[in-house]
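Here the structure is laid out as structure tokens; the discussion comes afterwards.
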Amino acid sequence: MNILGIDPGSRNCGYAILHHDPKKGNRLVEAGLIKIKERTLQHQILEFVEGIDLVLKNHSIDEVAIEDIFYAYNPKTVIKLAQFRGALSLKILQDLGNFYEYTPLQVKKALTGHGKADKSQVAFMVKRLLGLKGEIKPLDITDAIAVAITHSQRIKLGGIPT
């Protein structure tokens, strides 16, 4: 089963494709970044959706896991992120019919055992769980991988119908 993990953002969107095999574990297939240029909001959203579309067309994706919007102090930032999330949700629903959402707290808890972990602790566990060497940059990619791992753990524990 291939899981697409997505860390949506208005400037960069991290994505990761994780192959989940219940017997052999997880293997990272691909991870990358969709960079969004400074343009009008409408063009940024279009560029974002086109980037996701390209990933979906180039890979056989079975399930999608998305990191939920975190709390931001700036209401304009929340509104902008919500617009990106709405476009992403529509695209995934049109192509696959369903997706799963995980809060940053759920992701941190799934990978490190507690919800107060910092980004470096999450990055360490991502590398350890997948047997990766070197640093994964930027953190948007690490977060996308972490979301995909969280989803695979939920499947393994029987918490999600497949």
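Here the Cβ of each residue, glycine as well, is placed from N, Cα and C on the backbone.
According to Swiss-Prot, the features are:
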BINDING   ASP7, ASP140  Mg(2+) 1 binding site
ACT_SITE  ASP7  active site
BINDING   GLU67  Mg(2+) 2 binding site
ACT_SITE  GLU67  active site
ACT_SITE  ASP140  active site
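The number of other CB atoms found within 10 A of the CB of GLU67 (Mg(2+) 2 binding site), across every protein chain shown, is 24. In this structure the C-alpha atoms belonging to ASP7 (Mg(2+) 1 binding site) and GLU67 (Mg(2+) 2 binding site) are separated by 5 Å. GLU67 (Mg(2+) 2 binding site) carries a strand DSSP state (E or B). Around the Cβ of ASP7 (Mg(2+) 1 binding site), a 10 Å sphere holds 25 further Cβ atoms from the protein chains shown. DSSP assigns ASP7 (Mg(2+) 1 binding site) to a strand in the three-state reduction.
The residue listed as 'Mg(2+) 2 binding site' and ASP140 (Mg(2+) 1 binding site) are 11 Å apart (CA-CA, integer value). Its own atom aside, the Cβ of ASP140 (Mg(2+) 1 binding site) has 24 Cβ atoms within 10 angstroms in the protein chains shown.
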